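Heads up: the structure comes next, in structure tokens.
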């Protein structure tokens, strides 16, 4: 039993979630609430990152489950990657802060795909916007020689203010320079490039052709190196496409295997059957259970080489795993004489010799709500004993 579930709730998972479920939840939420897409959701992005930072680490997760967020703070386990953006970059393969300083920002996009796409392979065209260096001013932001050091911050991009908080006590506050917006330089409005308005970069539409290979997985990344945002003086970043698989109506993927449930009737479970299955590449395969091969409720069987293609080895496939659910007939489906005949055909049942010490009881259908109602009524009864529900009496003279 975990002490608190706040981090799990932030990611939208249960406390017993696997690492794969945590990764999938973080991936979707981080892309949705990234500051580039939702500038007003910075706090939400921070909460998502902190939750994943703790729960993705086995030791931190154990500490959190036992003592909650307070245990993380007291246990000194809150260091992690240092910032939400570091966690994001490490997760999506963007490197760390030092790499970001040498390269332009990576652009991460989520691409929704079907299980059929991952099985057969597919090609998608993706239209997106990215920053490119302005070709009118060649990334200078204005005329040659128009760029000057910001006199407000002296080129640092940051301002430091001293705030007195008490006698002999001061607080030093560092903030982004409002004059140059943190760039450390400024351009006079009259000298700014008309195309980029002094920003040195412009937005450009880019159409990418994304090739989805057979056997790729949910969450797999496809990287277009050097196709990301450009910034003057930096190498271009990458465009990273993250595959997001939609749920399938029949099949569930487990590694290289496909899993499905199949309903069969009692007669099929006892006497055999043939069942067609439509595959993800539009073939129809037929599975057979021969008479005398009993299939019990919950039995699991498999078909070799009918699972997912193995990535980069597309001619090899996993297994198709089938769990059988046996549907039993309704009460009274046979007349007494036919039921007697059926009993003679089935294996003999074991008779119980009754003794005087035995009590006959009746077997009834289980009602899962009965215990809940009994528990509620019991609490109400105890409440009445301690707090009688008498009305307010009128005062008499």
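Note that Cβ sites are derived from N, Cα and C of the backbone, with glycine treated the same way.
In the three-state DSSP classification, residue 66 (N6-acetyllysine) falls within a helix. Other C-beta atoms found within 10 angstroms of the C-beta of residue 66 (N6-acetyllysine) number 12, with every protein chain shown included. Taken from Swiss-Prot, the feature N6-acetyllysine covers 66.
Here Swiss-Prot flags 83 (among others) as phosphoserine. Within 10 Å of the C-beta of residue 83 (phosphoserine) we count 13 further C-beta atoms, all protein chains included.
For the zinc finger (121-205), the number of residues in each DSSP class (helix H, G, I; strand E, B; coil) is 3 helix, 42 strand, 40 coil. Summarising the annotation, Swiss-Prot assigns zinc finger to 121-205.
Here Swiss-Prot flags 134-141 (among others) as repeat 'CXXCXGXG motif'.
According to Swiss-Prot, the feature Zn(2+) 2 binding site maps to 150, 153, 177, 180. Taking Cβ-Cβ distances under 8 Å and a sequence separation of 6 or more, the neighbours of residue 180 (Zn(2+) 2 binding site) in its chain are 150, 152, 153, 157, 186.
Residues 176-180, 182-186 of the same chain, all 6+ positions outside the repeat 'CXXCXGXG motif' (150-157), place their C-beta atoms under 8 angstroms from a C-beta of that stretch. Summarising the annotation, Swiss-Prot assigns repeat 'CXXCXGXG motif' to 150-157 (among others).
Across all of the repeat 'CXXCXGXG motif' (177-184), the predicted model scores a mean pLDDT of 78. Residues or ranges marked as repeat 'CXXCXGXG motif' by Swiss-Prot: 177-184 (among others).
Counting residues 6+ beyond its ends, the repeat 'CXXCXGXG motif' (193-200) has Cβ neighbours under 8 Å at 133-134, 136-137, 139-142, 187, 231-232 in the same chain. Sequence annotations record features per position, and here Swiss-Prot assigns repeat 'CXXCXGXG motif' to 193-200 (among others).
Taking Cβ-Cβ distances under 8 Å and a sequence separation of 6 or more, residue 335 (phosphoserine) has no neighbours in its chain. What Swiss-Prot records for 335 (among others) is phosphoserine, and it gives a large-scale study or a structure entry as the kind of evidence.
Secondary structure of the compositional bias 'Acidic residues' (353-365), assigned with DSSP and counted as helix (H, G, I), strand (E, B) and coil, comes to 0 helix, 0 strand, 13 coil. Sequence annotations record features per position, and here Swiss-Prot assigns compositional bias 'Acidic residues' to 353-365.
The phosphotyrosine feature in Swiss-Prot is assigned to 381; the stated evidence is a large-scale study or a structure entry.
Residues annotated as cysteine methyl ester in Swiss-Prot: 394.
Through the fold, the repeat 'CXXCXGXG motif' (177-184) approaches residues 149-153, 155-159 of its own chain, all at least 6 residues removed from its boundaries and within a Cβ separation under 8 Å.
Residues 150, 153, 177, 180 make up the record's Zn(2+) 2 site, and a Cβ search at 8 Å around their centroid adds 151, 152, 154, 155, 156, 157, 158, 159, 178, 179, 181, 182, 183, 184, 185, 186 from the same chain. Counting only same-chain residues six or more apart in sequence, the Cβ atoms lying under 8 angstroms from the Cβ of residue 177 (Zn(2+) 2 binding site) belong to 150, 152, 153, 156, 157, 158, 159, 184. Taking the Cα atom of each, residue 83 (phosphoserine) and residue 66 (N6-acetyllysine) are about 25 angstrom apart. Residue environment of residue 153 (Zn(2+) 2 binding site) contains 21 other Cβ atoms, counted within 10 Å of its Cβ in all protein chains. Of all the Cβ atoms in the protein chains shown, 19 others lie within 10 Å of the Cβ of residue 150 (Zn(2+) 2 binding site).
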